[in-house]
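To start, the structure itself, in structure tokens.
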Amino acid sequence: MPVQAPQWTDFLSCPICTQTFDETIRKPISLGCGHTVCKMCLNKLHRKACPFDQTTINTDIELLPVNSALLQLVGAQIPEQQPITLCSGVEDTKHYEEAKKCVEELALYLKPLSSARGVGLNSTTQSVLSRPMQRKLVTLVHCQLVEEEGRIRAMRAARSLGERTVTELILQHQNPQQLSSNLWAAVRARGCQFLGPAMQEEALKLVLLALEDGSALSRKVLVLFVVQRLEPRFPQASKTSIGHVVQLLYRASCFKVTKRDEDSSLMQLKEEFRTYEALRREHDSQIVQIAMEAGLRIAPDQWSSLLYGDQSHKSHMQSIIDKLQTPASFAQSVQELTIALQRTGDPANLNRLRPHLELLANIDPSPDAPPPTWEQLENGLVAVRTVVHGLVDYIQNHSKKGADQQQPPQHSKYKTYMCRDMKQRGGCPRGASCTFAHSQEELEKFRKMNKRLVPRRPLSASLGQLNEVGLPSAPILSDESAVDLSNRKPPALPNGIASSGSTVTQLIPRGTDPSFDSSLKPVKLDHLSSSAPGSPPDLLESAPKSISALPVNPHPVPPRGPTDLPPMPVTKPIQMVPRGSQLYPAQQADVYYQDPRGSAPAFETAPYQQGMYYTPPPCVSRFVRPPPSAPEPGPPYLDHYSPYLQDRVINSQYGTQPQQYPPMYPAHYDGRRVYPAQSYTREEMFRESPIPIDIPSAAVPSYVPESRERYQQVEGYYPVAPHPAQIRPSYPRDPPYSRLPPPQPHPSLDELHRRRKEIMAQLEERKVISPPPFAPSPTLPPAFHPEEFLDEDLKVAGKYKANDYSQYSPWSCDTIGSYIGTKDAKPKDVVAAGSVEMMNVESKGTREQRLDLQRRAVETSDDDLIPFGDRPTVSRFGAISRTSKTLYQGAGPLQAIAPQGAPTKSINISDYSAYGAHGGWGDSPYSPHANIPPQGHFIEREKMSMAEVASHGKPLLSAEREQLRLELQQLNHQISQQTQLRGLEAVSNRLVLQREVNTLASQPQPPQLPPKWPGMISSEQLSLELHQVEREIGKRTRELSMENQCSVDMKSKLGTSKQAENGQPEPQNKIRTEDLTLTFSDVPNGSALTQENLSLLSNKTSSLNLSEDSEGGGDNNDSQRSGVVSNSAP
């Protein structure tokens, strides 16, 4: 019984006894059939025949020479042998010796393979020659040159080795990255298609399923059958693609075609192809033949990867390649190599190998070819030795293939992620042409290479100007942390905002601690990303220090305390995200991330010590909220805090600070798209609770300050001194506000008055802040303006320019604002004191905040300065600029009669008309993005309703309308409870007010447009806190109020309403009875809150009415039924 032949790699041991050859008793003896057996096993044979193929051994075993080529591979000492004397003569003996020497030299290339035989063949077995070359070389080494059959085999092995050498040289001259694309292009050029390993296999099996029983189907029916079966698993399957697969089988002659007159032909599968193995082999053979026709030389391992997606079909593909080889294919390959050398210039002088290759190509490979002569044998083996030496020399010294693989292509993410197929299956179908890393070493190597790359183009023109004007953008980056720009190609920047995939990911902390909370890392969405399917990228890898194109703040953050205080050591770095960065894909408009900060009360004053100030916290970009359970229309609700980088930053990473402040608007606002509706659980809690409540951290987006670069050069001056509110004195408010009425006692009235005075003093101090000494920001082109302030619907096409330049409103400085207020007040109702002035410190602070808001809002334009009179060009509130004309409303002063005995205070409508324009009480064409800040006593609830109204001109959904109606009902119920506490007189006063409000509500109102201008107030947090203190004061002084004062207050409200009837456009104010408690008593600090409360609180009611009116239903009855709305602080 024949012995099973061993694997070709086990050529150093006897296939019978499996013992390694040696020079003593187990000398390797090669037979004429190509098998090599040790001398001991050969002597034990019962008959002189090969134990594997039973080939007769014609020569005496004792006369067969030892295979010295194998002995040198096992490291044995080659014994001196008696020179073999051939019967044909001495000349033939010389030829034999020369041929034997050639084989021994070629066998040395198998030395790395032999050294690894004990541990198995793995990646550490590095050899200059490829595996096909090694395999053919092993065949040559096993040939017995003494026997005639051995010489025939040696000549065929030499020819095969030479042909493979030509193929290797051609492979060295072709681009492996383009190999697969060229192959499939050649396949498609012939009307065929390969759908991928998995899909192609399924398609072939379905074809076999339809035709294996010998049935004849038309092409159309066959294609439809396959497509219908493939669709559940492969939705991309189409009739066209499957038709191309059938065409591939048709070219392979797998069908027996029956033609029919005036009808489609019927196809029947040939009997020899009615098994999957036979059909697949013919299918693969057709693809290999197409590649050969196209002049492509593809290795068997590459074929296995391309057609099967693994490395287990190399021998299958090799057999197909060998079967398709013809005697003419060798000469054709030599011609192709000549053409390739002409194209490259032949730097290695490979043309010298051409005569040897032609000699090998002329060898007859047929089995019945005559045996070669000794001279032909010598010439053939010398030629193959020269050719193989030339290949090895080219690979070692002139090959560009290895260097090409070291250089990543133009795509910056080349091999920076692990290959998914390699991780999951252990093999990659793309082989060397795969653009993903196949090992951790390769991954780290290319990531390091990419870190040294500089972005190929700046993020925007404005960022280039940062460097042109010499601003210190690069020195801001610390040595310890940098931005990973290498793995991300900077895309084009529409409208100056970095689009999805932007290279900028994080601004660098100034400190030495590049800490980064893991919860701040953006989540990578695989279905939106074009990166590798493997591990997600680390967006915060270190990057070069020379990144000057980052949109960083060129101005250092000023100290956060008074200038006379000693500076505190900064122990926490400032982490910011530049404006232009996109941590999230552009399509990710409906996913919001959770605020990483801990839970904290929303408005509880932090227990800071007086005289201390705190380090700014790291600011992160756009933390979006969890997906809503019940979506609401309109933009998401946003917390309103000052956008100033210097103003409202409280370090949220200190464990000792329980208070967190939500941001004013999304820090990373992308103005090019409309944000989806959100379900505001916290807003519903606001509506249900009449008292301020704390906000859970999950609903509080992280605060992000506004980048200063976004402003024009005219805004070079902004406060460098800290806001007084940052020095937060201790305010002993023990019980924090909660969602339910707190059982703990409230602060005393004296404490509330004292705290109010402190806040008023801090608001007053803001007036004297001097401009900073550093240089102004550079003039940025309009394309880089952050577009939060523009209509989102217009931003996509860039149509907001018309709104910017077509209208003008001189509302950007203190001079013009007061001038307009004075001019408007003169022809209208005159105040009791006869002059328009701000009698209250709080009113001044509010006015300054509003002016600061307007200045910041309109400075997104790049118009020239327009001086007015002899006033300074740039006021302390910034430069005069242009914005929409409709921002100015000539509604006249809104005046209320002050209580008797209280200081007279006038309130100009210009002080509040900005809110009408911004919030939707007038004909403003702009829509705020739900981030209108509070002014004075403007409360968060007010802005929530404004956010609801600001639906960008889109009708509110039914859920929003029901929510608004429910809110009004709840507020009316709370109002009725509050009014019952005041007694019969308060009830009667409320009825009088109700009748008056109903009369006003019956008047026609101007058409409402959605508000579109978001406001920003730097002192907003102080205003909120002041509002809380005043609410407490109102509650404490409610029992002490005088009945006659209540009457006076009611008269003042009626007088205000009458002003609107006397020719003034009614500002749609509805007075909220619950907040009348704030005005029923004298307020400390020499002012009464009656007038402001009437106007401010009534604006909330009008915003609610606008929210319902914007539906188109005009349902105002709910809000007009009582004329009051709850004043719950957010």
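The count begins at 1 with the first shown residue.
Including glycine, each Cβ sits where the backbone N, Cα and C put it.
Between the listed ranges 413-441, 645-673, 906-934, 1022-1050, Swiss-Prot ties the annotation zinc finger to 413-441. Swiss-Prot names C14, C17 for binding Zn(2+) 1. Of C33, C38, the residue it gives for the same site is C38. Residues S315, S531, S629, S1057 are shown; Swiss-Prot lists phosphoserine for one of them, S531. Swiss-Prot marks one residue of S1110, S1119 with the annotation phosphoserine, and that residue is S1110. Shown for the zinc finger (413-441): DSSP residue counts in helix, strand and coil, namely 11 helix, 2 strand, 16 coil. DSSP places the residues of the region 'ROQ' (177-326) in helix, strand and coil in these numbers: 94 helix, 16 strand, 40 coil. In this structure the alpha carbons, written CA, of H35 (Zn(2+) 2 binding site) and C14 (Zn(2+) 1 binding site) are 9 Å apart.
Within 8 Å of the centroid defined by the CB atoms of C33, H35, C50, D53, the record's Zn(2+) 2 site, lie the Cβ atoms of L31, G32, G34, P51, F52, Q54, T55, excluding the listed residues themselves.
Here the C-alpha separation of C14 (Zn(2+) 1 binding site) and C50 (Zn(2+) 2 binding site) works out to 13 Å. If you average pLDDT over the region 'HEPN-C' (327-399) in this model, you get 88. Taking the Cβ of D53 (Zn(2+) 2 binding site) as centre and 10 Å as the limit, one finds 13 other Cβ atoms among all the protein chains shown. Mapped onto DSSP helix, strand and coil, the region 'HEPN-C' (327-399) counts 54 helix, 0 strand, 19 coil. DSSP classifies C17 (Zn(2+) 1 binding site) as coil under the three-state reduction.
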